[in-house]
Amino acid sequence: MGPSRSFQNLLLLLLPLALALCSAAASGEASRRFWVENDTFWKDGAPFQIVGGDVHYFRIVPEYWKDRLLRAKALGLNTIQTYVPWNLHEPKPLSWEFKGFTDIESYLRLAHELDMLVMLRVGPYICGEWDLGGFPPWLLTIEPTIELRSSDSTYLSLIENEFGSFGDDKNYLHYLVEVARRYLGNDIMLYTTDGGAIGNLKNGTIPQDDVFAAVDFDTGSNPWPIFQLQKEYNLPGKSAPLSSEFYTGWLTHWGERIATTDASSTAKALKRILCRNGSAVLYMAHGGTNFGFYNGANTGQNESDYKADLTSYDYDAPIREYGDVHNAKYKALRRVIHECTGIPLLQLPSKIERASYGLVEVQKVASLFDVIHNISDTLKVAFSEQPLSMELMGQMFGFLLYTSEYQEKHSSSILSIPKVHDRAQVFVSCSLGDVRKPRYVGIVERWSSKTLQIPSLSCSSNVSLYILVENMGRVNYGPYIFDQKGILSSVEIDGIILRHWKMHPVSLNAVGNLSKLQLIMQMTDAEASKVSIYGDSENKSQDVSLYLNEGISEEPAFYEGHFHIDSESEKKDTFISFRGWNKGVAFVNNFNIGRFWPAIGPQCALYVPAPILKPGDNVIVIFELHSPNPELTIKLVKDPDFTCGQ
């Protein structure tokens, strides 16, 4: 991403550096060639204008890859740009993944079949609002600590991205070019992308290595003075004007209003480039979805000024998250592309049908504390004098439960966690009491106060302390990208450091089996009537065991719902509306569709592509961190909704 109205002062939230431009149709024939000459791109002996767009294979279910590429082609694009996220392809050291979402070869073959070129952003750093900028989090466990995006020998054999907005190590860049040529050959064209300013281009370009320098800039900028500057950082005659990230929209963080850009002004900005024979790549042509735990995050003035990205990566792109092209932005950009380039207008793809499956009742399956021993791999549970990071625990994504004990004072105590990444829920119970139903105390967040008052429980024994920490997505850009998760400092009670920690990695890999555990402790109606949903002190029971259960509505718990689809033909895209819920993660048929947080918004509903569904019974499992919708229902609706928390 790059400069925008909302990030003028940051200037350099950019995407990759060393990129590989290759033809998916290249078959080794001498006539197949792509190069730059006379400040013009040439392909197979004829001048060529790049009209491209980012369509990321890993943000789309594979069954829809061809559909989205067809919609991009109907927009008038002749080129597709995509990242290659290292963290997806090597989730563990020397453990490689190239199936399903990671089957990049099949994706490139589809582009070839559709006669589209591919601009391949090979990484390892990609930024892209993707967890840790595409770096696998196990890099954060290497000792001694490595310096990401540097000449560190630990990963010098890998290819770097968009370095000009980050550093100026020319020896490093030369080495990266050498590695790229070694693996990718000499028949492709390498290029760099940096912001259209002198400092960025000076740091990030290496024309002497025959690496083409592209630029990006705010769509409100006049492109041609920037293209003129671009010439100074390419060899003579080797500077075809290319905006390698033309912003069709922008990203959104939780707690912000959904970012939108005007269709007509976006089209007008593109026209200024294309109608003068410049080239451009739309970022994004299709945004897609940050399924699972792969959303990234940004920071402001310091690492505590933390802003996690939404599950949706719609980006207000012309091809919407759910594939819609019948919108003003798609039509406006399509007209401009045709007017400026003469690319024939292909027939618009038909609308993708969406279904409203209606209201679904859910029931509580278990609280987290009921099943923590069943969903924690006993081989991964660890003991330590001080809290360990998630990465050192092998818990690269999701949640980690920390437990310890302290001796209670007669009055309340103050809990201090100076450094938690990213959000901690705190619970307490008497160590000899009902430890399966600890009392909710409150939240400690990375971006707010790090202290919390814990009321006295009048325990006859020590107090057990439970801290559930959520990794909300690693920082993907900037000086704080080395973003370890979990409790990263000592924990103090009234100024005394707590020791002797036990840590339970929370595995959500098989949430569909939770109901089979049958471990939930059902509350009787009489008990439930005594518990105040909002912790109203007037309704507190004096019974010690019930006192410990107070605030049970705030406990992390699993809920399950079912809905039926009659036949294969009735499988359609849908959205799960979480209005009335608080914060958590949702799974459909064991597929992690992402995080929800309607309490803060703006995203209210999560996209569910039809290929995830099946004829017959479909299972939705919700891991709610606080309190569920009081009616214990969700709704499956046709349309997205970005109006929560406003």
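If you go along the chain as it appears here, the first residue is 1 and each next one adds 1.
Heads up, the Cβ atoms here are built off N, Cα and C, so glycines get one too.
Owing to the predicted nature of the structure, the values given are computational and were not obtained by experimental measurement.
Here TrEMBL flags 1-24 as signal peptide.
Mapped onto DSSP classes, the domain 'Glycoside hydrolase 35 catalytic' (41-157) shows 43 helix, 23 strand, 51 coil. If you look up TrEMBL, you'll see 41-157 (among others) marked as domain 'Glycoside hydrolase 35 catalytic'.
As annotated by TrEMBL, domain 'Glycoside hydrolase 35 catalytic' applies to 159-339 (among others).
Residues or ranges marked as active site, proton donor by TrEMBL: GLU162.
Sequence annotations record features per position, and here TrEMBL assigns active site, nucleophile to GLU245.
The domain 'Beta-galactosidase 1-like first all-beta' annotation in TrEMBL covers 387-506.
As annotated by TrEMBL, domain 'Beta-galactosidase galactose-binding' applies to 556-618.
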Tell me, how many other CB atoms lie within 10 A of the CB of GLU245 (active site, nucleophile), whichever protein chain they belong to?
26
Best-contacting stretch, by C-beta pairs under 8 Å, relative to the domain 'Beta-galactosidase galactose-binding' (556-618) and drawn from 41-157, 159-339, 387-506:
159-339
The domain 'Beta-galactosidase galactose-binding' (556-618) resolves under DSSP into 6 helix, 32 strand, 25 coil
